[in-house]
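Enquirer: Copying in the features that Swiss-Prot gives for the protein in this structure:
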type	residues	note
BINDING	His83, His182	heme b b562 binding site
BINDING	His97, His196	heme b b566 binding site
BINDING	His201	ubiquinone binding site
TRANSMEM	33-53	transmembrane segment
TRANSMEM	77-98	transmembrane segment
TRANSMEM	113-133	transmembrane segment
TRANSMEM	178-198	transmembrane segment
TRANSMEM	226-246	transmembrane segment
TRANSMEM	288-308	transmembrane segment
TRANSMEM	320-340	transmembrane segment
TRANSMEM	347-367	transmembrane segment
Amino acid sequence: MTNIRKSHPLMKIVNNAFIDLPAPSNISSWWNFGSLLGICLILQILTGLFLAMHYTSDTTTAFSSVTHICRDVNYGWIIRYMHANGASMFFICLYMHVGRGMYYGSYTFLETWNIGVILLFTVMATAFMGYVLPWGQMSFWGATVITNLLSAIPYIGTSLVEWIWGGFSVDKATLTRFFAFHFIFPFIIAALAMVHLLFLHETGSNNPTGISSDMDKIPFHPYYTIKDILGVLLLILTLMLLVLFAPDLLGDPDNYTPANPLITPPHIKPEWYFLFAYAILRSIPNKLGGVLALVLSILILILMPLLHVSKQRSMMFRPLSQCLFWILAADLLTLTWIGGQPVEHPYIIIGQLASIMYFLIILVLMPATSMIENNFLKW
């Protein structure tokens with residue numbers, strides 16, 4: 001008799017994806033982030049579900065309902081902070097996952113990569129809408145500033161913004177629809193993640209060398225299940241350290257003040273994981289130009305396969321490209337720092353230089369370096 005996990009229609013799918021899946025024998029810990037993102041998503045859906053049981057999406061009661069969750073609901077405080085800091089862990093894993101893909105040339109799996117970029121946009125949209133829900137000062141003003149950017153779109157901009165708001169300003173209608181979308185999006189993300197995995201399993205995983213590993217595969221279970229469990233334990237450890245010892249470390253104190261349309265906070269800024277894009281937006285003095293740069297800063301990932309001119313897939317054996325990659329990583333950290341600073345000298349010029357560097361490295365320097373390295377191969 002055949003093993004049930006190989007014959008049962010449902011078990012067979014799970015078996016081929018997580019148990020008997022042939023995996024390269026040499027994938028490093030940088031390949032752990034896919035499973036960590038899955039864990040993050042499950043954690044966010046579960047904590048979010050329990051928060052939604054007590055949250056009210058009305059401007060008059062939203063702030064108080066979050067306070068009620070933290071004060072009166074059994075373990076409400078831990079659920080709330082696990083959800084808020086879980087988002088931070090989600091983005092850390094996301095950026096590491098994308099960085100891994102860029103470093104090792106995983107973007108040559110076109111379908112997987114493109115679905116991944118769509119996933120990144122969806123997760124960013126979900127996180128933005130979630131940040132609006134507690135209805136604190138930064139929630140309200142963040143929503144106002146970011147949605148207002150759409151008014152830069154010629155001709156239809158203003159109508160589009162008012163359509164999204166459901167009125168002439170961010171108000172009850174906006175909060176209610178953001179809650180509805182914030183609830184449904186994680187399930188769309190889960191579906192997209194399955195498609196992402198489906199496309200990945202069409203080709204099999206990449207590996208650090210970027211060379212085909214077809215002749216040297218090992219079963220996913222037990223080797224990579226054990227390896228993934230280590231990653232999961234480290235993820236949960238980091239998350240719980242944040243939640244239990246410094247729950248507000250990554251948040252904004254302004255969000256503990258209820259939303260007030262009459263008082264603008266001195267420094268409007270998004271959560272830390274959007275600061276790099278916010279810095280790029282602010283570095284361009286023109287509104288439409290800033291919005292375009294903001295969108296392109298993420299959309300540029302779609303161009304990665306087109307910009308790949310190297311004869312080698314991975315950066316493992318390309319020291320010059322490695323150097324550029326880590327300069328890009330440092331540049332993103334610089335942009336993240338600048339995004340949280342006030343708009344004054346010297347931060348303005350640093351932000352502008354870092355923004356130019358970001359696009360220059362990806363669009364010009366990386367392909368140029370790859371061509372130089374191609375010439376090295378002839379020696």
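Note: Cβ is positioned from N, Cα and C throughout, glycine not excepted.
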Enquirer: Is the count of Cβ pairs under 8 Å between the transmembrane segment (178-198) and the transmembrane segment (226-246), pairs 6 or more apart in sequence, 3 or more?
Expert: no
Enquirer: For the transmembrane segment (288-308), find every same-chain residue at least 6 residues outside the stretch whose CB is under 8 Å from a CB in it, and list them.
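Expert: Non-local partners: 98, 102, 105, 107-108, 110, 113-114, 117, 120-121, 124, 149-150, 152-154, 276-278, 280-282, 355, 358-359, 362-363, 366-367, 370.
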Enquirer: Sorry to bug you, but what's the C-alpha spacing from His182 (heme b b562 binding site) to His196 (heme b b566 binding site), rounded to the closest Å?
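Expert: The separation of the Cα atoms works out to 21 Å.
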Enquirer: In the structure shown, which of the binding-site residues His83, His97, His201 has the fewest Cβ neighbours within 10 Å?
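Expert: Relative to the other binding-site residues in His83, His97, His201, His201 has the fewest Cβ atoms within 10 Å.
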Enquirer: If you draw a 10 Å sphere on the Cβ of His196 (heme b b566 binding site), how many other Cβ atoms land inside?
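Expert: Looking across every protein chain shown, the total is 21.
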Enquirer: Using C-alpha positions only, work out which of the binding-site residues His83, His182, His201 is nearest to His97 (heme b b566 binding site).
Expert: His201
Enquirer: Which whole-number value in Å describes the distance between the Cα atoms of His201 (ubiquinone binding site) and His182 (heme b b562 binding site)?
Expert: 29
Enquirer: Which sequence-distant residues neighbour the transmembrane segment (347-367)? Criterion: at least 6 residues beyond either end, Cβ under 8 Å.
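Expert: Same-chain contacts beyond the flanks: 279-280, 282-284, 293, 296-297, 300, 303-304, 307-309, 321, 324-325, 327-328, 331-332, 334-335, 338-339, 341.
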Enquirer: Who are the chain neighbours of the transmembrane segment (226-246) in space, where the CB to CB distance is under 8 Å and they lie at least 6 residues beyond its ends?
Expert: 29, 32-33, 35-36, 39-40, 78, 81-82, 85-86, 88-89, 93
Enquirer: So how many other Cβ atoms are close to His182 (heme b b562 binding site), meaning within 10 Å of its Cβ?
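Expert: Excluding its own Cβ, the number within 10 Å is 21.
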